[in-house]
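Visitor: Sharing a structure below in structure tokens format, with a few things to ask.
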Amino acid sequence: MPTVISPTVAPRTGAEPRSPGPVPHPAQGKTTEAGGGHPGGIYSAIISRNFPIIGVKEKTFEQLHKKCLEKKVLYLDPEFPPDETSLFYSQKFPIQFVWKRPPEICENPRFIIGGANRTDICQGDLGDCWLLAAIACLTLNERLLFRVIPHDQSFTENYAGIFHFQFWRYGDWVDVVIDDCLPTYNNQLVFTKSNHRNEFWSALLEKAYAKLHGSYEALKGGNTTEAMEDFTGGVTEFFEIKDAPSDMYKIMRKAIERGSLMGCSIDDGTNMTYGTSPSGLNMGELIARMVRNMDNSLLRDSDLDPRASDDRPSRTIVPVQYETRMACGLVKGHAYSVTGLEEALFKGEKVKLVRLRNPWGQVEWNGSWSDGWKDWSFVDKDEKARLQHQVTEDGEFWMSYDDFVYHFTKLEICNLTADALESDKLQTWTVSVNEGRWVRGCSAGGCRNFPDTFWTNPQYRLKLLEEDDDPDDSEVICSFLVALMQKNRRKDRKLGANLFTIGFAIYEVPKEMHGNKQHLQKDFFLYNASKARSKTYINMREVSQRFRLPPSEYVIVPSTYEPHQEGEFILRVFSEKRNLSEEAENTISVDRPVKKKKNKPIIFVSDRANSNKELGVDQEAEEGKDKTGPDKQGESPQPRPGHTDQESEEQQQFRNIFRQIAGDDMEICADELKNVLNTVVNKHKDLKTQGFTLESCRSMIALMDTDGSGRLNLQEFHHLWKKIKAWQKIFKHYDTDHSGTINSYEMRNAVNDAGFHLNSQLYDIITMRYADKHMNIDFDSFICCFVRLEGMFRAFHAFDKDGDGIIKLNVLEWLQLTMYA
């Protein structure tokens with residue numbers, strides 16, 4: 001049994017009308033149906049608190065490889081094991097696959113034979129033609145290819161059953177390590193295979209990509225652009241061919257010259273992802289078809305040599321075909337790679353040609369310029385050689401550009417960025433990357449059709465600082481491209497996640513608000529039209545679009561079409577000239593009284609047990625004036641001269657109630673605080689609250705107690721009550737329906753009105769902590785939140801002696817501060 005060694009997935013180095021109308025119904029792209037889904041991961045600051053205290057650094061591929069060689073074992077990946085868990089998550093497969101390493105499948109296995117090329121990719125029994133079309137495009141650019149497929153991997157020299165591949169994931173390059181066990185049936189690969197039966201780079205690349213997304217099933221159905229971007233870090237543009245610009249062929253030629261990746265498809269009218277099954281076909285039916293396909297395939301051929309050692313083409317399974325094959329040989333609902341563009345002389349005229357490839361490795365176009373076209377005899381021999389014309393069933397074919405435009409409906413071009421490929425021929429673009437999150441009840445506001453919540457979406461300020469360098473353009477214009485990408489939806493499919501329908505809008509910030517990073521409020525969006533926006537909201541992983549706007553300051557608002565949909569995203573802005581893109585509301589502060597107050601140090605409970613080390617003599621004397629009781633002053637508190645006369649009726653009533661409950665020591669515990677607060681609050685019938693809970697009162701004491709006694713005196717309680725009264729007014733202002741609750745989306749404004757200025761992450765955390773399942777916050781939770789904010793800011797400022805916004809705590813101080821809260 002091979003020894004198991006831990007793997008790694010480690011990072012590598014035009015304006016609308018004045019009154020905006022509703023957003024049109026979202027477009028249905030070639031993607032899965034938009035819907036709810038598992039929420040994205042919470043912020044790293046929260047996740048990291050559950051990490052082991054002593055972290056173990058993940059081993060790199062080199063370390064794992066070296067360890068396997070030293071121990072003379074073959075690597076076995078425990079994170080993506082060779083069993084059913086790595087295959088399908090929705091249903092158990094009815095037949096048993098045998099996981100084999102390439103040396104067990106054939107003699108003389110090779111990683112790459114004669115260079116990786118597009119004919120090395122033949123689709124197996126998985127609906128991932130979108131992925132394979134992208135891989136075929138990748139082979140056209142060797143520098144890109146070997147960024148994804150690192151050099152020096154083989155089945156001979158230093159072979160240890162371990163391989164690795166690199167993918168771009170939301171702004172970072174990650175190294176994915178796998179073992180080389182592959183699923184087989186009758187000694188044949190079930191999924192992607194090469195045209196040569198002893199070549200395995202494409203099968204292993206598919207496995208690494210499946211691991212990245214959790215399983216092979218997760219690769220079923222998708223858009224070519226997803227894989228293109230994961231291979232390059234580029235940004236994709238979509239073209240509806242029927243609405244294509246007149247110079248589309250020129251655009252495609254330029255894309256080929258620049259090393260961009262291109263894919264195309266024909267709509268089948270079902271609004272499904274490429275390679276998925278027709279409506280109503282579930283995973284069980286898909287598996288049943290796969291079984292029938294295998295049983296009827298050439299795999300049952302008794303003459304098949306299970307350990308063929310030559311490099312002859314492998315005998316492949318015809319893929320499970322859900323796509324609709326047309327009479328012309330093209331397939332609807334299927335992804336093709338665009339592998340070349342040329343102009344050929346035919347009967348004295350130049351004809352524009354497009355070369356395409358079907359990832360099945362078979363089933364080709366049978367019209368003009370196809371492999372078997374009868375009029376090839378009229379094409380010059382040198383021209384044939386230049387076009388590499390040969391009659392072979394390899395899935396690749398030429399067709400005229402006119403036929404291409406007539407039959408195909410969508411074109412996808414993945415443009416490379418500086419992150420993926422450096423070239424002197426390409427213009428340098430400035431790239432800004434922002435990560436964000438839509439949180440239900442706080443920042444998942446939906447599109448402009450939902451004005452009450454649209455303004456709560458994350459907002460990103462964009463400063464276009466310099467105009468384009470275009471001597472032929474008299475306009476003062478900045479060119480830029482915005483790309484919004486949702487994260488982890490494919491990986492979370494097994495948890496019920498689907499792609500959301502997403503889009504964005506761009507608004508110009510008024511000059512008087514330039515430099516102000518505050519979150520723009522609802523009224524701004526009610527009375528200002530957007531300057532630009534995505535063409536449509538669509539359920540795809542990424543939506544992108546080019547814009548040309550004058551230099552100014554703008555705000556980009558990314559959103560889902562429907563509100564309350566929770567997920568993570570990244571927002572990328574590419575511009576020809578310098579720009580600055582950052583999230584609005586990124587400063588944290590609290591409004592402080594103008595009058596300076598004496599800086600009292602924070603007193604920990606343990607400090608009082610240790611001779612009050614943090615208290616000076618002056619502080620103790622001052623405390624003695626405030627705190628009363630036999631153990632502090634030895635006598636009952638005496639009112640100051642004229643104090644009673646100055647007290648209002650409410651204050652007198654307040655003091656009397658407090659005295660009745662607190663007793664002679666004039667201090668109250670959590671139970672007594674609960675009685676005091678609820679006695680007073682119950683008189684305010686308009687609040688419609690059930691009062692404060694005991695746990696809430698314990699938190700109030702912990703956060704308002706200035707000396708660590710675990711109790712509140714009259715002065716401390718009076719300070720608390722003044723705050724509660726002020727916060728009560730804010731609560732009533734936002735409780736517009738007098739239900740005793742406020743909508744969690746309004747909490748941002750309420751917190752701001754109370755003088756606390758937070759960033760988006762903190763507003764998200766407040767919503768998760770205090771809102772109920774209906775996204776409402778009751779009076780008790782509302783006050784608890786504000787008490788906690790007040791106490792936390794007060795504690796921080798007490799430690800921040802030099803006012804630089806940074807404090808240093810030892811572990812005892814940290815535990816005391818957080819435990820007693």
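Just so it is clear, glycine is given a Cβ too, placed from its N, Cα and C backbone atoms.
Below are the features listed in Swiss-Prot for this protein:
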type     : residues                               : note
ACT_SITE : CYS129                                 : active site
ACT_SITE : HIS334                                 : active site
ACT_SITE : ASN358                                 : active site
BINDING  : ALA662, ASP665, GLU667, GLU672         : Ca(2+) 1 binding site
BINDING  : ASP735, ASP737, SER739, THR741, GLU746 : Ca(2+) 3 binding site
DOMAIN   : 722-757                                : domain 'EF-hand 3'
REGION   : 1-37                                   : region 'Disordered'
REGION   : 418-586                                : region 'Domain III'
REGION   : 587-649                                : region 'Linker'
REGION   : 603-651                                : region 'Disordered'
REGION   : 650-820                                : region 'Domain IV'
Visitor: How do the residues of the domain 'EF-hand 3' (722-757) split into helix, strand and coil according to DSSP?
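Guide: Helix, strand and coil residues of the domain 'EF-hand 3' (722-757) number 23 helix, 5 strand, 8 coil.
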Visitor: Are any of HIS334, ASN358, ASP665, GLU672, ASP735, ASP737 (the recorded positions) within 10 Å of CYS129 (active site) when you go C-alpha to C-alpha, and if so which?
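Guide: Checking Cα-Cα distances against CYS129 (active site), the recorded positions within 10 Å turn out to be HIS334, ASN358.
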Visitor: Quick check: which same-chain residues outside ASP735, ASP737, SER739, THR741, GLU746 lie with their CB within 8 A of the centre of the Ca(2+) 3 site CB atoms?
Guide: TYR734, THR736, HIS738, GLY740, ILE742, ASN743, ASN776
Visitor: Can you name the residues of this chain that are 6 or more positions from THR741 (Ca(2+) 3 binding site) yet have a C-beta less than 8 Å from its C-beta?
Guide: ASP735, ASN776, ILE777, ASP778, PHE779
Visitor: Quick one: of ASP665, GLU667, GLU672, ASP737, SER739, GLU746, which binding-site residues lie within 10 angstroms of HIS334 (active site), measuring between C-alpha atoms? Sequence order, please.
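Guide: Near HIS334 (active site) by Cα: none of them.
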Visitor: With a 10 Å radius around each C-beta, find which of these recorded positions (CYS129, ALA662) has the fewest other C-beta atoms nearby.
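Guide: Among the recorded positions CYS129, ALA662, the sparsest Cβ neighbourhood within 10 Å belongs to ALA662.
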Visitor: Excluding ALA662, ASP665, GLU667, GLU672, which residues of the same chain place their Cβ within 8 Å of the centroid of the Cβ atoms of the recorded Ca(2+) 1 site?
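Guide: Same chain, not in ALA662, ASP665, GLU667, GLU672, Cβ within 8 Å: ILE661, GLY663, MET666, ILE668, CYS669, ARG711, LEU712, ASN713.
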Visitor: In Å, rounded, how far does the Cα of GLU672 (Ca(2+) 1 binding site) sit from the Cα of SER739 (Ca(2+) 3 binding site)?
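Guide: Approximately 27 Å lies between the Cα of GLU672 (Ca(2+) 1 binding site) and that of SER739 (Ca(2+) 3 binding site).
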Visitor: Between ASN358, SER739, which of the recorded positions has its C-beta surrounded by the fewest other C-beta atoms within 10 Å?
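Guide: The recorded positions ASN358, SER739 were compared, and SER739 has the fewest Cβ atoms within 10 Å.
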Visitor: Should ALA662 (Ca(2+) 1 binding site) be counted as helix, strand, or coil on the basis of DSSP?
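Guide: Once the DSSP labels are grouped into three classes, ALA662 (Ca(2+) 1 binding site) ends up as helix.
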Visitor: Three-state secondary structure of GLU667 (Ca(2+) 1 binding site) from DSSP?
Guide: strand
Visitor: With DSSP assignments reduced to helix, strand and coil, which class does CYS129 (active site) get?
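Guide: SS state of CYS129 (active site) = helix.
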Visitor: For ASP665 (Ca(2+) 1 binding site), list the number of other Cβ atoms lying within 10 Å of its Cβ atom.
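Guide: Excluding its own Cβ, ASP665 (Ca(2+) 1 binding site) sees 16 Cβ atoms within 10 Å.
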Visitor: Out of these binding-site residues, GLU667, GLU672, ASP735, ASP737, which one has the fewest other C-beta atoms within 10 Å of its own C-beta?
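Guide: Counting other Cβ atoms within 10 Å of each of the binding-site residues GLU667, GLU672, ASP735, ASP737, the minimum falls on ASP737.
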Visitor: List only the single closest residue to ASN358 (active site), chosen from the binding-site residues GLU667, ASP737, SER739, GLU746 by CA-CA distance.
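Guide: Nearest listed residue in space: GLU746.
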Visitor: Quiz question: given the recorded positions HIS334, GLU746, which has the greatest number of C-beta atoms lying within 10 angstroms of its own C-beta?
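Guide: Counting Cβ neighbours within 10 Å, the top one is HIS334.
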